[in-house]
Amino acid sequence: MNDIWWQTYGEGNCHLVLLHGWGLNAEVWHCIREELGSHFTLHLVDLPGYGRSSGFGAMTLEEMTAQVAKNAPDQAIWLGWSLGGLVASQMAFTHPERVQALVTVASSPCFSAREGWPGIKPEILGGFQQQLSDDFQRTVERFLALQTLGTETARQDARTLKSVVLAQPMPDVEVLNGGLEILKTVDLREALKNVNMPFLRLYGYLDGLVPRKIAPLLDTLWPHSTSQIMEKAAHAPFISHPAAFCQALMTLKSSL
């Protein structure tokens, strides 16, 4: 049986599980690891099939969450970025007793645009799936470029993301395709109405993948959660605005 790559870092008295986004791996947290490690015990994870967690095929969201849960501490703050936000949210929904607080970063409970719901057009996600089989490397690079578009440090941030991808083995096309399928089909809007632990949602004002318009909609749908929009950030606020990002987590921790 395969196991996922999992590293513990830091010495804080509060556990924080960090889950990366599509196509990436746990190295994406490198820029904030030192800062957070002095306040939290960090759990850095490569999701199944990504980075050093090779040997897994495509998974459903439920399967991916179950695999991550096997290694996780009994109690932790769960933070998920983008696709990782769906995994963290699914964990909060299925194992609420193990989730001290939920943090989603540039994530949506429903990434696909639906009637009355802003998001990515399903045909765009479908197009990415098609392009994966045609030109795998270029498709991943295009997706990474979209994540930093519009920020003052867009080029530099895109290079950072690319170096993270290249630092570890590339995921198989099947795994990447499965991740896009999750983004295209999953809808946790109703499920998360029943989650009642502290719940912080962080957004980038300039995010081209997760529109900030969803923030007020979810404020209404999930009144128990709080949202924060980072003004000059796009889809990777922890890379473009690490100090403000870490401060938001510190504030959350002090409120628990």
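Backbone N, Cα and C define each Cβ position, glycine as well.
Across the residues of the domain 'AB hydrolase-1' (15-242), the predicted structure has a mean pLDDT of 95. Per Swiss-Prot, domain 'AB hydrolase-1' is recorded for 15-242.
Look at Swiss-Prot and you will find TRP22, SER82, LEU83, PHE143, LEU144, ALA145, LEU146, GLN147, HIS235 tagged as substrate binding site, backed by sequence analysis. When secondary structure is read from DSSP and collapsed to three states, LEU146 (substrate binding site) falls in the helix class. Cβ neighbours within 10 Å of LEU146 (substrate binding site), excluding its own Cβ and spanning all shown chains: 18.
Per Swiss-Prot, the feature active site, nucleophile maps to SER82. In the three-state DSSP scheme, SER82 (active site, nucleophile) is classed as coil.
Within the same chain, residues at least 6 positions away in sequence whose Cβ sits under 8 Å from that of ASP207 (active site) are ALA106, ALA233, ALA234, HIS235. The active site feature in Swiss-Prot is assigned to ASP207 (among others).
Annotation source Swiss-Prot lists active site at HIS235 (among others). DSSP assigns HIS235 (substrate binding site) to coil in the three-state reduction, outside any helix or strand.
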Longest CA-CA distance among TRP22, SER82, LEU83, PHE143, LEU144, ALA145, LEU146, GLN147, HIS235, per record bound to substrate, angstrom: 16
Cβ-Cβ neighbours of HIS235 (substrate binding site) (radius 10 Å): 29
